[in-house]
Structures are given as C-alpha cells and as structure tokens.
Amino acid sequence: MLRIITQLTDLRAELRRICDRTDSGEMSEQQATVEAILRRVAKDGDRALIEYTAQFDHIDLTPETLRVKGDELDAAYQQVSKELLDAIRLAKQQIEAFHRQRVPKSWVQFGEDGVVLGKRYTAVDAAGLYVPGGRAAYPSTVLMNAIPAQVAGVQRIVMVTPPGQGKGINPAVLVAAQEAGIQEIYRVGGAQAIAALAYGTETIPRVDVITGPGNLYVMLAKKQVYGRVGIDSLAGPSEVLIIADEAAHPAQIAADLLAQAEHDPLAAAILLTPSLSLAKAVVTAVNEQLADHPRRVLTEKAIAHYGLIGIVETLEQAVELSNSFAPEHLELEVEDPWSLVEQVRHAGAIFLGYSTPEAVGDYLAGPNHTLPTSGAARYASALGVETFLKHSSIIQYTPAALRKQGGAVMTLAETEGLISHRDSVRLRLQP
C-alpha cells in the first residue's frame, strides 16, 4: 500500500530513510567476495572468467566462446521486429544529436609577453560498457552508454553482458550494440566482467573507462577498480520524485510511480503534493494498475518499502524537500513547471509538465538516462561525452614572459623547499 504522510517531520525522516536505503553498513562479506573475484581474474584471466560464469550463471564457456561471433550478431537482426528496430534507430538518432551538442572544444588564449595557455580535450583509447542481464533486456542502456563514447571519439568500445540460457545474448541488446557501432561483445557478467575490463585477460584487452549499471557486486567491483580505470558512477536503485498540483492526472502519476517501482525491489517512488484529494486518487490508481501488473510482486515490494505520498503546504516546500533528497528523476507535473525550475538545485534529470513522463528520458528524448542516485545528484551529473574525455593543459612561455614572472616562481619554490624547481627557472634566466 502506498502511504500518505501529512506531518512534515515524519515526511523529512522518511525521505532520509529512503535516500539512505542503499547504505548497507557492513558489506564485508560481499566486499570480500568481490575482492577475491578481482584477484582471481587478474591472476588467471580467461580461466577465472569461465569458472565464475559456470558457478554464477550456470553456463559453460570456453575462451573461444567468450566473444560473440559475427553469425550471432547477424542473426540478431532477424529476431527483432521492424517496430523495435525503428525505435532503436530513432533513439540512436536523438541521443546522438543531443550529445553532439555537448562536446567541449579545445582552446588556447594568447596573453601578455607571448604567453599561450589553453586546454586540449582527447578521448580515452578504450571504453568498457557493462549491460545488465537478469530480469530484463536493456537495449536502451546500450545506446545511452555507447553513443556518448562514440561521439567523444573513443576508438575501441567493448560491451560485456551476462549470457542467458544456451549462451545467448538478448537479440535486442545485440542489435542496439551494432546500431551504436559496437562489434566487440563478450558474454560475461558480474564482478568478473568488471575485473576483465579493468585488468585484461588473454581474450579481453583492458580498457580505460568502465560505465554502465549493475547489481551490488558490479557496483562494488567498479568501486574497487576505480583508480586503475575510470568509472562513470556508483549507481544505486532507480528513483523518481514527482511534484504535482491538483490539476495533475492521478492515473498518469500512478503509472510514473510504478514505472520506477517495477525496476527493482529497492526502487523509490515518491509524490509530493499540496492536494490531499489528488493523493488519495493516486493511491486508488496505483492499486488498480497493480492488480494485473506482470511484475506485481516485485513492484509491490518497492511501493511498500520505498514508496510514499507526502502532503506539503506549497509547491515551493515540495521543491525544498526534493532538493534535500536530490532525486535521480524529478517530475514537475504542475501547470507552470518553469516557475519552479530555477528553485531546483539537485536532480539528475528534470521532466517538465503533464506530458513529459520520465519514460521519454529513459528511451528517446536524447539526454542520458544514466543518472546519479541515492542523493549523489548533490555533486554528480549524468553520464555524457565528458565521461569519455580527458583534458590536458597547454602552457607556453617566451623568454620575456619567464623573465617577467620567473622571480615569483623562484620565491614560491624556495618557500616550499624545492630547490631544483627554483633552479629550473634560475638557469633559464642566466645570461
């Protein structure tokens, strides 16, 4: 049952509890398991991958069958409908168009005495994309991770994903990968896949950046290999916070709440509204839509533990509460959403108006759906082209510029006791 909370102190406490739902305290057992997997893959390479795949996925592989071959890639196109292929291609087009606008440009500026300063952006050489298996196939995850890497100019893009029954990979995932330009695909998942990407094996060369969502073990593995490789984020369960006025449609709000809850038993679905009548209507609509929901058990668990409706005095108070929660997805289902946007400080993505369900951002609109969760929107942003880029500073001094500023450099170097730093300038200033 979706709860309605009317007391502000209780509402704040519940929002904090939900935000902290993935703070599992001691995870020593899981961390130890992941550490052992990482060490084993780093040491034994393909043999470890094959043994872990047999242990966890109950699939028997060989070094020759780790990589998805061309005939399986070709066959995938015969197994998807024209409607799905068209949808994948439209999504690719719009995601690519959006991310091309976000590519930063290298620059230089010319200062006094011939000083040249600048910044040069370059892509990483290789990126590894993790695509979950398990409850569902996620071609959208492929597109959202691969396309920014392509736009950034990454030369080698690798995808890893757990194998299904018969060693197969979902054809929709394979088609999305090919549409996004990926041909190097491996049927391996879990922490062992992250280890392979980070350390390399006989079959899977290492990469520079790893992106993509996964379960707790994948997240812990990404956390532990960070530093050896870059990562996008430590993503937790999905979440939506909806701010709605009395004119919002209850059934539509209910569908948006359930759209998050159906992801995961830990998913959060929150509505903040000043309208008690809307709140009650949403509860009714949620119950009606759950009645024949194909993922009813999973979705009900999320709604029961991490779903709520909070009654607020004003929409402005709702925004203040949202900022403290820093949701992954924020929907402003109000008559004038632009009047609230400037007050929003912390949100992964903001969806404006009654006709903008979060699902359009998940699949098609263009902005990335890989977003910060569990309050991380306070300091983090969506995955994007920048995830696959790095920048180098450019500095050039002329003799005149060094004569003018060298004294200050030497003073600072002497203050820090770094005599060779001082002398590297002094020797250049000698006649």
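Glycine residues also receive a Cβ, built from the backbone N, Cα and C atoms like all the rest.
The candidate list ASP125, ASP336, ASP362 contains one residue that Swiss-Prot assigns to the Zn(2+) site with GLN260, HIS263, HIS421, namely ASP362. Per Swiss-Prot, substrate is bound by SER238, GLN260, HIS263, ASP362, GLU416, HIS421; the candidate from HIS293, HIS305, HIS329, HIS391 named for the same site is HIS329.
Straight-line distance linking the Cα atoms of ASP362 (substrate binding site) and GLN192 (NAD(+) binding site), rounded to a whole number, equals 27 Å. A count of other CB atoms within 10 A of each Cβ picks out GLU328 as the most crowded of the recorded positions GLU328, ASP362, GLU416. Of all the binding-site residues listed (GLN192, ASN215, SER238, GLN260), ASN215 has the fewest other CB atoms within 10 A of its CB. Counted over all residue pairs in TYR130, GLN192, ASN215, the record's binders of NAD(+), the longest Cα to Cα distance measures 12 angstrom. Cα to Cα, SER238 (substrate binding site) and GLU328 (active site, proton acceptor) are separated by 7 Å. Distances between the Cα of TYR130 (NAD(+) binding site) and those of the binding-site residues GLN260, HIS263, HIS329, GLU416 are shortest for HIS263.
With a cut-off of 8 Å between CB atoms and residues at least 6 apart in sequence, the same chain places SER238, GLU239, VAL240, LEU241, GLN260, ALA347, GLY348, ALA349, PHE351, GLU358, GLY361, LEU371 near HIS329 (substrate binding site), listed in sequence order.
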